[in-house]
Amino acid sequence: MTQMHSTQPMSIGIVIVAAGRGERAGSPEEGPKQYRAIGGRPVIAHTLEKFVTWPQTTKIVIVIHRDDEKLLRSAQETIVDSSGVEIAFGGTTRQQSVLAGVRQLEKTGVSHVMIHDAVRPFFDHDLLDRVAAALAAGAPAVLPAMPVTDTLKRADTDALVTETVPRAGLYAAQTPQSFRLADILAAHEKAAADNKTDFTDDAAIAEWAGLPVTLVAGSADNVKLTIKRDIAMADEKLSAGLLPDVRTGNGYDVHQLEPGDGVTLCGVFIPHDQTLKGHSDADVALHALTDALLATCGAGDIGDHFPPSDPQWRGAPSRIFIEHAARIVRDHGGTIMNADVSLIAEAPKVGPHREAMRAKLSEFLGISLERCSVKATTNEQIGFVGRREGIAAIATATVVYRGGRP
């Protein structure tokens, strides 16, 4: 690796290239690979966080597709502070996207730029320090790279090997590829003006423009996530070190009894000489469990989602509420592991209907019967429950969420 020396002061800006669509990484429905989750967060969040927390970062520009701004903002929410990050919109090729990012970064006045693939999340600050040291020593272009270790073959159009390529002196290029900003901007502008669009990385443009490119040691971990299996393996790697994110939510509800023909508990109608008074069907058990589920992801309570002042919920079956809460949990990345309901009532007797209630909970929540529990007790004729003026319910939900981050 070449060593160069200079005392030129510098400031480093970052261009993260994230405008690609990632056709090789799965179906379009799965979204661009830079926004797929690994270890509970989008790929780009891991990449961005490394630069945000690197002490030498002066400014960051992320180049994205115009359709992805909402995805990026969502990813940024998982990072402690990325408020100073700017967005540029990319073109139809990586080369066009890099040019857009470097043009925007130039306005900030930084002297040097690191250009990095968003889908290389496993670099570290040591790598950035090595690149920065080479820039500080006066190198106009710096390329982190790893010596090629695999045997290389050249083949003809019929897939027949024509030769074994000597690997001595061959390196696999990585990012961030880093430059004096004015030099690489001029090189990109000239390439665009000359309609030269066949470059596979920024170092190749620098070479074409006559800039000497200095190699520094890359990192074996600094792999590019290209295909679907890469993303799955990255997720396995990061998830292995995460604590399980197990959350417990509690809910409580009570409804008054009045003369009637029966009560609905856990979605099961039980004939009785009283009924529960409420805006909906007054299923006190499902109301308590709805609150318990919402509590596991900080999503408020049943009144926030279904206000009793709204006439559309008058007489509504409470399965609407519990299924809505279960969807919210799943949208937040949660898996419902257990639902437990304790009913407190003098009458009617719950025991004969317990299994039907458990079956309803299993149906509403989409979980197995063994994960659903219904219990009942009296209040020993004490208080409003003991006087048969109402029924109370206490519910607990256990949910496991992806990620394990506090």
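All positions are counted from 1 along the displayed chain.
Just so you know, glycine gets a Cβ as well, placed from its N, Cα and C.
Quantities reported herein were computed from a predicted structural model and do not represent experimental measurements.
Across all of the region '2-C-methyl-D-erythritol 4-phosphate cytidylyltransferase' (1-246), the predicted model scores a mean pLDDT of 92. Annotation comment: Swiss-Prot describes 1-246 as region '2-C-methyl-D-erythritol 4-phosphate cytidylyltransferase', evidence class sequence analysis.
Feature annotation from Swiss-Prot assigns site 'Transition state stabilizer' to Arg24 (among others).
The annotation site 'Transition state stabilizer' is assigned in Swiss-Prot to Lys33 (among others). Around the Cβ of Lys33 (site 'Transition state stabilizer'), 27 further Cβ atoms fall within 10 Å across all displayed protein chains.
Under the heading site 'Positions MEP for the nucleophilic attack', Swiss-Prot lists Arg167 (among others), citing sequence analysis as support. Sequence-distant neighbours of Arg167 (site 'Positions MEP for the nucleophilic attack'): residues of the same chain at least 6 apart with a C-beta under 8 Å from its C-beta are Pro147, Val148, Thr149, Asp150, Thr151, Leu152. Following the DSSP three-state reduction, the secondary structure of Arg167 (site 'Positions MEP for the nucleophilic attack') is coil.
The feature site 'Positions MEP for the nucleophilic attack' is assigned by Swiss-Prot to Lys224 (among others), with sequence analysis given as support. Lys224 (site 'Positions MEP for the nucleophilic attack') is surrounded by 15 other CB atoms, counting those within 10 A of its CB over all protein chains shown.
According to Swiss-Prot, the feature region '2-C-methyl-D-erythritol 2,4-cyclodiphosphate synthase' maps to 247-406.
The 4-CDP-2-C-methyl-D-erythritol 2-phosphate binding site annotation in Swiss-Prot covers Asp253, Val254, His255, His279, Ser280, Asp301, Ile302, Gly303, Thr377, Thr378, Asn379, Glu380, Phe384, Arg387. Applying an 8 A CB threshold to same-chain residues 6+ apart, the list for His279 (site 'Transition state stabilizer') reads Pro308, Trp313, Arg314. DSSP assigns His279 (site 'Transition state stabilizer') to coil in the three-state reduction, outside any helix or strand.
Taken from Swiss-Prot, the feature divalent metal cation binding site covers Asp253, His255, His287, and the record attributes it to sequence analysis. Secondary structure at Asp253 (4-CDP-2-C-methyl-D-erythritol 2-phosphate binding site), taken from DSSP and collapsed to helix, strand or coil, is strand. Within 10 Å of the C-beta atom of Asp253 (4-CDP-2-C-methyl-D-erythritol 2-phosphate binding site) sit 22 other C-beta atoms, taking all shown protein chains into account.
Sequence annotations record features per position, and here Swiss-Prot assigns site 'Transition state stabilizer' to His279 (among others).
Under the heading site 'Transition state stabilizer', Swiss-Prot lists Thr378 (among others). Over all protein chains present, the Cβ of Thr378 (site 'Transition state stabilizer') has 14 other Cβ atoms lying within 10 Å.
Taking the C-alpha atom of His287 (divalent metal cation binding site) as reference, the shortest distance to any of the recorded positions His255, Thr377, Thr378 belongs to His255.
The recorded sites shown are Lys33, Lys224, Thr378; of these, the one with its CA atom nearest the CA of Asp253 (4-CDP-2-C-methyl-D-erythritol 2-phosphate binding site) is Thr378. Lys224 (site 'Positions MEP for the nucleophilic attack') sits 11 Å from Lys33 (site 'Transition state stabilizer'), taking the Cα positions as reference.
Less than 8 angstroms from the CB of Thr377 (4-CDP-2-C-methyl-D-erythritol 2-phosphate binding site) sit Ser342, Leu343, Ile344, each of them six or more residues away in the same chain. Cα spacing between Asn379 (4-CDP-2-C-methyl-D-erythritol 2-phosphate binding site) and Lys33 (site 'Transition state stabilizer'): 56 Å, rounded to the nearest whole number. For Lys33 (site 'Transition state stabilizer'), the nearest of the binding-site residues by C-alpha distance turns out to be Ile302; the candidates were His255, Ser280, Ile302. Counting other CB atoms no more than 10 Å from each candidate's CB, the binding-site residues Ser280, Asn379 peak at Ser280.
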